[in-house]
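Some features that Swiss-Prot has for this protein:
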BINDING   H111, H115, H121  Zn(2+) binding site
Amino acid sequence: MLELDIQRATDAATPEDAALRRWCELALRQRSADSEMTIRLVDEAEGRELNHTYRHKDYATNVLSFPADVPDDLLDIPLLGDLVICVAVVEREAAEQGKSLEAHWAHLVIHGCLHLLGYDHIEDEEAEEMESLERELLAELGHPDPYADDETDTITH
């Protein structure tokens, strides 16, 4: 079971809770244990502030992942961590890249969840594994390969 806390810190239109949950559960299905996580949907100012504070980059990015660093045995439900998603960046990227907004949202939520599971894309081999899993999960939802069109269509964080 996934205990999902969704925080909307913006007045912008965002996906419904059920869609966010569906994307998280799909990405996390390889994890058999119950889990807890938070998704915080933010405006550009908060996105920029968090990206600057934690990554020393002075711009808002699409998704930030904050994996929990608490041993599972200390908690009733293992805490995976938090995702922070900047709504304006998601909307802008989808428009610029000619992607449906729903497909881009699904991609970024899945991408962030995979980071919470320990996947990364710093090294080429890690990136290939992570992107392959993203493609597979998005295909299950009926969404196209997010990396197919252009090498610049990569995750910006």
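Using the three backbone atoms N, Cα and C, a Cβ is placed for every residue, glycine included.
Under DSSP, H111 (Zn(2+) binding site) is assigned to a helix (H, G or I) in the three-state scheme.
With all protein chains in the displayed structure included, the most crowded Cβ environment within 10 Å among the binding-site residues H111, H115, H121 is that of H111.
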